[in-house]
Amino acid sequence: MHRTTRIKITELNPHLMCVLCGGYFIDATTIIECLHSFCKTCIVRYLETSKYCPICDVQVHKTRPLLNIRSDKTLQDIVYKLVPGLFKNEMKRRRDFYAAHPSADAANGSNEDRGEVADEDKRIITDDEIISLSIEFFDQNRLERKGNKEKEKSKEEVNDKRYLRCPAAMTVMHLRKFLRSKMDIPNTFQIDVMYEEEPLKDYYTLMDIAYIYTWRRNGPLPLKYRVRPTCKRMKIGHQREGLSNSGELESDSGSDKASSPAGGLPSTSSCLPSPSTPVQSPHPQFPHISSTMNGTSSSPGSNHQSSFTNRARKSSINGSSATSSG
């Protein structure tokens, strides 16, 4: 699994800044011949005296270069979302300009041109913004009931939901720690924060979640959580060492027992559980949580025991093979 890397905005500046003014794009405009982008006012002023791209010297148009430039709304939205405070400052500058120059004709312009668009309307989220969210326990049975088109909600379902107001820069990891401390969940259990049915990564911020899942601000950001036992990974290195040590011991004594089929049977390691030994639940204080690991139950059935004991085992010692029926 590839590890996600986070980059600084300074590494993206060459793709977000205008080479004519040295600032971030405002009203980003792209030349259709070479796809280089600039601020609208910068490129319009430049093309009054030149008909070539200021970066690659491609001819924009022989006589009317303004015909081959297009407004790039997608690029401008990316710049506004990546640069903190840029959209708010630009809207303030436009409002101040039209307030100082009432004679300026802005009647034909949009609300954004006049600086009358708020961050909420543009869906721009800043790091210091407070986001309202709701979080509730992820219940698979509840999803099945919704699939059966049952619209009535019981009081228990309504009370399960909690509402929080958090900074947009707060990460999923902080939210998991908050849930663990509030609910006194032991470290033997894993907490997953989810959006609908998809688990969220620890480094996601609330702002990332709002952008990724296109939160429309028509209600609190809906999040869910689930609690499950922590999967314990087996240490393969220690098992290999144990197998190699047992193999060395068998090879030392194998020369005396090479002719005997019974003597060639490998000994079972004492650290591995017997298939006939019942395994108790590791979490008696949470009986409702299953102790199933890796898709297999902790208590094997009788059929599995009989097939395990009746299976023929074959081992090779010093080039000779021995088979036993168990």
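For all residues, glycine too, the Cβ spot is worked out from N, Cα and C.
The feature zinc finger is assigned by Swiss-Prot to 18-57, with sequence analysis given as support. Beyond the zinc finger (18-57), the same-chain residues lying 6 or more positions past its ends with a Cβ under 8 Å from any Cβ of the stretch are 63, 65-66, 68-73, 75-76, 79, 83, 86, 90.
Through the fold, the motif 'Nuclear localization signal' (81-95) approaches residues 9, 12, 16, 24, 26, 112-119, 122, 124-127, 211 of its own chain, all at least 6 residues removed from its boundaries and within a Cβ separation under 8 Å. Sequence annotations record features per position, and here Swiss-Prot assigns motif 'Nuclear localization signal' to 81-95 based on sequence analysis.
Annotated region 'Interaction with E4F1' per Swiss-Prot: 164-228, in sequence order, evidence recorded as similarity to another entry.
Feature annotation from Swiss-Prot assigns compositional bias 'Low complexity' to 265-278 (among others).
What Swiss-Prot lists as compositional bias 'Polar residues' is 279-310.
What Swiss-Prot records for 315-326 (among others) is compositional bias 'Low complexity'.
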